[in-house]
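**Student:** Let me begin by handing over the structure; questions about it come next.
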Amino acid sequence: MMRSIIHIMIREWKRILTLPEHYIVLLVLPPLVCLLYGYIYNNQFARDLPVAIWDESHSPLSRKFAFMLEQTESIHITQQVDNEASVQKMMEQGIIQGAIHFPEKMDDHIKSRQPVYITVYTNTAAVVTAKLIYKDAAKVLITAGSGVTLQKFVKTGMPAGKAMALVQPIRLTSYMLYNPQYNYQQYLVPGLIAVALQMMIIMVTVLALNLEEKRGTFAELNAMANGSASNVLLGKGLAHLSVGWLHYILVTCIVFPLFAHGRIGGSWPLFILFTLLIMGCISIGLMVSAIVSDVMVACDLGLFYTSPAFVFSGFTFPRWAMPWYDQYYAWLMPFTPFLDGFFKVYFMELPMHYVYKEAGQLLIYIAVTFPVALLFLQRKLNKLSLQHA
Amino acid sequence: MRDFFQHITRLFLREVRLVATDHSLLLTLLIAPLLYAFFYGSIYSYKVEEKVLLAVADDDKSELSRAFLQQLNKMQIAAVTGARDLQDAQDKMYYGECQGYLYIPRGVEKKVLALQQADIVLAVNAARFLPSSELAGGITTLALTVGAGVRLKYNEMQGLNSQMALRETQPVNLDYRPMYNARSSYGAFLLPGLLALILQQTLLIGLSESMALDKEKGRVPELVKTGGGGLSATLWGKGLFYMLLFCCYAFFFMTVNYTTLNIPFRGRVLDVAVVFFLFFFTLIPLGIWLGSMFRSQLMAAQMMVFSTYPVFLIAGYAWPYESLPVPLQWVSSMVPTTPFLRVYQSIVQMGGTLGDNAASVLHLVALSGFYTLLALLGLRRLNKRQQSIYL
């Protein structure tokens, strides 16, 4: 049995190295896709977004505020406008992503105890840039506003400490753990790469058995396996698992350290979780391949099954904000529990015992799909043996 | 001219037969667009995330801290879950039971009443971008509001009437006006682009598969012959089926999907119709050219699947075009999605016009010409090669 499995594994590796449907997806695409994803976010942050200033105040204070806004990471003042219609028009034309309005007589109003309203406009049709502009503008304007309040209290002769306590009675110290600067590269690249790798494994394993039928090599495989479906599945599965490990080396030794501040080689919990994901993907792929004989239909099933994995997993938009049926659908894909565990072992660097639940969930995919694959393949092999007899 | 239209009609009918008899094409072109549109669309149907779980360790246990937590729980973004102490709150986050924790140390109320600054600590799991940033923003606003409340009280105690006290509380205020997406929701931002991407990718995958199938079966000379020997008639005859089908899909998406998903449409119908037509006019030759390069239908399907995410990511929709590295900006400019999404987003979400986006419209026209040329060259190459095999 062991000999048969090893022979099938070596044979599968030869197929991976010679069939373009296999080697392009498993060996050529992974480095290309990984490097591309890393490179897309090479700038890490969206900087210097074009913002207009609508200054009706023309005062030293408005100039000071504008200077402070320009010093932020995301805001770059590129236009001067004089009405709201121009702000709107420029946004429609894509010239600016935001605008700041300083009202008339701003300084006088502040001095005469009349509250002033500084308006921040953002083009929120593009929510990523809008949030960055708002975050930086709010930080500057709130700080500046607090400064004005502080000065007012100090001018009344109040001690600085007490004045500060009145300006900010509750000081909130915020810690943005695991990605303090909201670095897009550090955040998105690992998730995008993991989803691409699981897609690649599934898109190839859905062809692992039916392509043999199509190319007329199924009988040879049957003979090599001595008619045992488990030999076939284990042999092929091990070959694809070793490809998955190559991907793991590529990702954790080159891509993550280079583009996502990852630790070289990852960690044992990450390796175990990744191995379970790959095993789950292989099992699912082999099950589809054993059931569906038409390679194109199997490929389409692989496509429809894997392509929504990223959005359904909750990586960019949380699962709890989705309707209940989408939350259930998300659990049909092994990427969902993997992602939950991945956050813990990769970003949070937690030990294995925090991801027992996710590891167990990943095992369920294998426990369900592997026996189904075994059943269907054994039936096919039995039928083939009967035909030969 | 009459012959030209006859050839086009024959090619159109040939494509209809081809799609009707091929399971994969049928699935990709007729089922996938509708299924994906409803399926993906439904994810963002609530548009915003609400009630992000936050563990709270309250060591102060005062009236002030309870009032603070009550206000926090009332916020749309947060839902408070109790924790015994700081360690328990941390553990809750590690096990994924909450997205962060708030620690209120002992003596907060005492300090505030004594006009001393009191500290509270918030830690959020920023590895999860969206919930953590929303949560941090919400709690910061709440802390500032509480601060303003304390100042108001102080001003009133100083003898100012309530109107004057209110004015003194916050001399400089921030008035935030998020335009074109009032709730700043991720769903309202992503859905229009997502629907366009579904149209683009199903068209490209289906058409490139169909072209690769013709190539694989050695049917390119027959295809060109049906087109009367003209490459241009062949290209547009084959493409006509996709143009009509995807114009219908675009109409369906812009009416049914936009209505069911409550996506606002702020532009003019004619403008968006023109830009969709131009977009498909660019995608059809691109799909035929790509299909002519794959050796089989299977390879076309496999390769095209992996183009979806990269194309979307470099199109300047999810990540600003200007923030891409310069070589990728060049690549992005060669992808029809980039100028299309600029015009489409401006029209649909901001109420812009074609005139406002003249440069991007011209960009799309130029790409259409470029890919038509590549498609014609690809067809000529394949026709010659397969003809010589038959000879």
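Any Cβ shown, glycine's included, is placed from N, Cα and C.
Where the annotation comes from TrEMBL, it is an automatic prediction and has not been curated.
Not my notes, these are from TrEMBL:
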type	residues	note
TRANSMEM	A:21-40	transmembrane segment
DOMAIN	A:25-374	domain 'ABC-2 type transporter transmembrane'
TRANSMEM	A:187-209	transmembrane segment
TRANSMEM	A:245-261	transmembrane segment
TRANSMEM	A:268-291	transmembrane segment
TRANSMEM	A:303-321	transmembrane segment
TRANSMEM	A:328-347	transmembrane segment
TRANSMEM	A:359-377	transmembrane segment
**Student:** Which residues, given as numbers and ranges, are at least 6 beyond the ends of the transmembrane segment (A:21-40) yet have a Cβ under 8 Å from it?
**Tutor:** 15, 185, 188-189, 192-193, 196-197, 200-201, 203-204, 207, 211, 243, 247, 250-251, 254-255, 258-260
**Student:** Other than its close neighbours in sequence, what residues sit by the transmembrane segment (A:328-347), given a CB gap under 8 Å and a spacing of at least six beyond its ends?
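**Tutor:** Answer is 178-179, 190-191, 194-195, 198, 262, 266-267, 269-270, 273-274, 276-277, 280-281, 284, 305-306, 308-310, 312-315, 319, 322, 354-355, 357-359, 361-362, 365.
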**Student:** Quick test of the contact rule: Cβ under 8 Å, at least six residues beyond the ends. What residues does that give for the transmembrane segment (A:187-209)?
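**Tutor:** Same-chain residues near the transmembrane segment (A:187-209) but 6 or more away: 12, 16, 21-22, 25-26, 29-30, 33-34, 37-38, 41, 179, 218, 232, 236, 240, 243-244, 247, 251, 255-256, 259-260, 262, 274, 277-278, 281-282, 284-286, 288-290, 292, 295, 298-299, 301-303, 305-307, 309-310, 313, 315, 334-335, 338-339, 342, 346-347, 377, 380.
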